[in-house]
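A.B. asks: One structure, as structure tokens, below. Some questions next.
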Amino acid sequence: MTKPVWIRHASQLATLAGGSSSPVVGAKMNELSIIEDGSIWLEDGVIQRVGTDEDLALHYRDRTHEAQIIDASGKLVTPGLIDPHTHLVHAGSRQNEFNMRLNGATYMEIMNNGGGIHSTTAATRAATHEELFAQSKQRLDQFLLHGVTTVEAKSGYGLTLEDELKQLEVAKQLNEAHPIDIVSTFMGAHAVPREYKENPDAFVDMVIEEMIPEVARRKLAVFNDVFCERGVFTPEQSRRILEAGVRHGLLPKIHADEIEPYEGAELAASVGAVSADHLLRASDKGIEQMAEAGVIAVLLPGTAFFLMAESANGRKMIDRGVAVAISTDCNPGSSPTVSLPLIMNLGCLKMGMTPAEVLTAATINAAHAIRCAHEVGSLEVGKKADVTIFDVPDFMTLQYRYGINHVNTVIKNGTIVVAEGRLA
């Protein structure tokens, strides 16, 4: 039987309490519900008690000898970080495109000439299930070392029914085998494959009539995503795909307004999407409609940074009442990173967000963006015992001392999975 874990004397225990019922918006994104000299008791995989060290020492005075005690003196304790937008399961690498972009090629130029998503699609189609599992597990291990305990994972590098199912089956197997929880998204509409270049509507029909029903039948995904962008899928095609997903029980998400304004934010609001992601070029009208419809903005500053583009205006979105989450967009072409803490720092430096806001965006709002805020995203009694401990005294220092992995300890479902910065 696993011993209880008792975290004691945290310099700051950032609980993020109070935001489980609905996404956190506006000024409340700066409210972290911090407990100084904080303490938390984890048992049977869930959080049993949260408070000051004095409170827990009194409450558990007869059980102290039972617990594995972690001294968090001088450290920041937060909920396990949550990454709500990744392309985790893929094969291959695209470092050659990095040099092409440095020499002036754009993302869409590379893609339209057979690179980009098409390059990764070819590698992923060629990879076996076992090869995809092994490569993706390595990424998950790195996520864990950077404090992440839950990730969303998209398909979208298969673009055939067989290969999309292969990606989703790998994600399912990883979810069962790895400490990190994985929430899967079907994204067969990530790109129009080259074999359908002359007839993209036929591919859209296949996504709607063949892929979505089979993914839903096998219960391999929670969400259905589409890349709504000029040269990829039009707003009309995107609407058809998202509405088809809803008919089969898949919740809508959308890659929106990344390269240019394309009414993606407006479409997200219209179809009641759980989130709209990227939004670098979202219109003011679209932002307002997202706020009214309760669509979460999942912002990906690492992608803009890596593509040398202007970031999404996170400050404007928060000030206009949009709930903002933040993510790595881990993928081989435009954001090959697993460091969510670094992405949080970019949220401050490139999107005008405060250190408190980016922590909210990487925990409770990220949980809402993948519909699991009832289980994770805050340190509250009854939630999963997912905790990250950083070697910094407070949440401000976490963003101030950038480019360093400050993760000391990660606890998943009450089990220590990272200790002293290494996999346990």
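For all residues, glycine too, the Cβ spot is worked out from N, Cα and C.
The model shown is predicted, which means the values in this text are computed figures rather than measured ones.
Sharing the feature lines straight out of Swiss-Prot:
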type	residues	note
BINDING	HIS85, HIS87, HIS255, ASP329	Zn(2+) binding site
BINDING	HIS85, HIS87, HIS255, ASP329	Fe(3+) binding site
BINDING	ARG94, TYR157, HIS190, GLU258, SER334	4-imidazolone-5-propanoate binding site
BINDING	TYR157, ASN331, GLY333	N-formimidoyl-L-glutamate binding site
A.B. asks: With every protein chain in view, how many other Cβ atoms are within 10 Å of the Cβ of ASP329 (Zn(2+) binding site)?
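C.D. replies: Excluding its own Cβ, the number within 10 Å is 29.
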A.B. asks: Can you name every residue in this chain, apart from TYR157, ASN331, GLY333, with its Cβ inside 8 Å of the center of the Cβ atoms of the recorded N-formimidoyl-L-glutamate site?
C.D. replies: HIS87, HIS90, ARG94, GLY116, ILE117, THR120, GLY156, PRO332, SER334
A.B. asks: Which residues of the same chain, at least 6 positions away in sequence, have a Cβ lying under 8 Å from the Cβ of HIS255 (Zn(2+) binding site)?
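C.D. replies: The list for HIS255 (Zn(2+) binding site) reads ASP225, VAL226, PHE227, CYS228, GLU229, GLY264, ASP277, HIS278, given in order along the sequence.
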A.B. asks: Spatially, which candidate from the binding-site residues HIS85, HIS87, TYR157, HIS190, GLU258 is nearest to ASN331 (N-formimidoyl-L-glutamate binding site), comparing Cα atoms?
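C.D. replies: Out of the listed candidates, the nearest Cα belongs to HIS87.
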A.B. asks: Applying the rule Cβ within 8 Å of the centroid of the Cβ atoms of HIS85, HIS87, HIS255, ASP329, what extra residues of the same chain belong around the Fe(3+) site?
C.D. replies: THR86, LYS154, ASP277, HIS278, LEU300, THR303, SER327, CYS330, ASN331, SER335
A.B. asks: Name the secondary structure element type, per DSSP in three states, that contains HIS190 (4-imidazolone-5-propanoate binding site).
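C.D. replies: HIS190 (4-imidazolone-5-propanoate binding site) sits in coil per DSSP, no helix or strand.
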A.B. asks: Fewest neighbouring Cβ atoms within 10 Å: which of the binding-site residues HIS85, HIS87, ARG94, HIS190?
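C.D. replies: Sparsest of the binding-site residues HIS85, HIS87, ARG94, HIS190 by Cβ contacts within 10 Å: ARG94.
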A.B. asks: Nearest of the binding-site residues to HIS190 (4-imidazolone-5-propanoate binding site) by CA-CA distance, picking from HIS85, HIS87, ASP329, GLY333?
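C.D. replies: In terms of Cα distance, HIS190 (4-imidazolone-5-propanoate binding site) lies closest to HIS87.
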